[in-house]
């Protein structure tokens with residue numbers, strides 16, 4: 001077993017990588033054609049770049065790691081990306097609850113992968129923030145939260161809990177590749193992939209590397225107000241351009257449930273109809289609306305399952321309905 005300090009050494013020792021996974025002397029320029037491109041080292045952006053000679057000498061063609069990733073993830077039946085147009089809508093919280101909810105079915109083996117490299121919060125919400133990753137002959141072994149719920153995050157590799165990850169996109173992409181290629185999940189029914197908010201390098205990398213192994217699709221999280229829906233439209237446009245199937249949309253923080261009387265009131269007014277209206281407009285499946293329950297935050301802080309602690313909460317009921325709709329969307333019913 002390796003300590004957190006040793007694992008931290010592994011990730012700090014990672015070279016700066018270009019977007020296609022090759023070791024370079026410095027981060028690639030903005031309009032880099034990519035070291036695997038036929039134009040590598042020859043384009044206008046290559047002139048004056050410290051990587052020019054390296055890129056010209058590299059073999060061209062498909063990334064060989066894609067085949068290894070496909071082989072590693074072959075035992076995973078369903079891969080679901082959790083996306084959001086902006087931060088603060090509860091995407092990571094919902095990813096954690098999705099892991100808890102799916103693993104409530106003891107017949108399912110579930111994995112949760114935290115690819116929000118600069119803001120890894122899933123280990124805290126799953127109650128395993130102080131765990132470390134084991135490395136064996138078969139690869140990195142994820143941390144098991146329960147017998148049928150495993151998690152993987154860069155948080156397990158940081159030397160300190162509050163250590164910041166200050167990386168450029170290329171280095172983050174390199175770690176994503178290692179997570180997909182080297183984490184030994186064994187057989188899983190579901191792999192829930194929590195991604196950063198927005199549409200960034202990480203999203204492009206994830207989609208490129210997982211295309212061959214097959215992604216069931218994306219679950220998109222929003223809140224009711226128009227300022228969130230504006231960014232969700234951009235996220236949905238990204239999915240369309242990247243060829244990612246949208247499994248459906250979840251409206252989080254949809255009203256407030258009083259823990260005492262369980263009456264529901266509106267907090268974020270859906271000025272344009274909220275997530276449901278957006279789904280009707282764009283022809284997307286509306287997976288459900290989850291109300292605010294302050295106890296969700298307390299459970300996330302303490303690393304316990306809100307669904308187990310408060311099974312009768314309207315929020316718990318709504319989450320389980322979303323899970324049923326998700327399983328239906330991937331054909332698992």
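Keep in mind that glycine also has a Cβ here, set from the backbone N, Cα and C atoms.
Taken verbatim from Swiss-Prot:
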| type | residues | note |
| --- | --- | --- |
| BINDING | 32, 46, 49, 55 | [4Fe-4S] cluster 1 binding site |
| BINDING | 85, 86, 87, 88, 89, 90, 91, 92 | ATP binding site |
| BINDING | 258, 261 | [4Fe-4S] cluster 2 binding site |
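Structural mapping of features recorded in Swiss-Prot.
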{"residue": "49", "record": "[4Fe-4S] cluster 1 binding site", "Cβ within 10 Å": "19"}
{"residue": "55", "record": "[4Fe-4S] cluster 1 binding site", "Cβ within 10 Å": "26"}
{"residue": "85", "record": "ATP binding site", "Cβ within 10 Å": "25"}
{"residue": "86", "record": "ATP binding site", "Cβ within 10 Å": "19"}
{"residue": "87", "record": "ATP binding site", "Cβ within 10 Å": "14"}
{"residue": "88", "record": "ATP binding site", "Cβ within 10 Å": "10"}
{"residue": "89", "record": "ATP binding site", "Cβ within 10 Å": "24"}
{"residue": "90", "record": "ATP binding site", "Cβ within 10 Å": "22"}
{"residue": "91", "record": "ATP binding site", "Cβ within 10 Å": "26"}
{"residue": "92", "record": "ATP binding site", "Cβ within 10 Å": "26"}
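Shown are the binding-site residues 32, 258, 261; of these, the residue with the fewest other Cβ atoms within 10 Å is 261. Those same-chain residues not listed among 85, 86, 87, 88, 89, 90, 91, 92 yet with C-beta within 8 angstroms of the centroid of the ATP site C-beta atoms are 84, 197, 221, 223, 228. Within the same chain, residues at least six positions away from residue 46 ([4Fe-4S] cluster 1 binding site) with a Cβ under 8 Å of its Cβ are 29, 32, 33, 40, 52, 55. For residue 90 (ATP binding site), the nearest of the binding-site residues 49, 258, 261 in terms of C-alpha separation is 258.
Rounded to the nearest whole angstrom, the C-alpha distance between residue 49 ([4Fe-4S] cluster 1 binding site) and residue 258 ([4Fe-4S] cluster 2 binding site) is 59. Counting only the Cα atoms, the space from residue 261 ([4Fe-4S] cluster 2 binding site) to residue 89 (ATP binding site) is about 25 angstrom. Neighbours of the [4Fe-4S] cluster 1 site: apart from 32, 46, 49, 55, residues of the same chain with C-beta atoms within 8 angstroms of the site's C-beta centroid are 28, 29, 33, 35, 40, 41, 43, 45, 51, 52. Distance from the CA of residue 86 (ATP binding site) to the CA of residue 258 ([4Fe-4S] cluster 2 binding site) is 27 Å.
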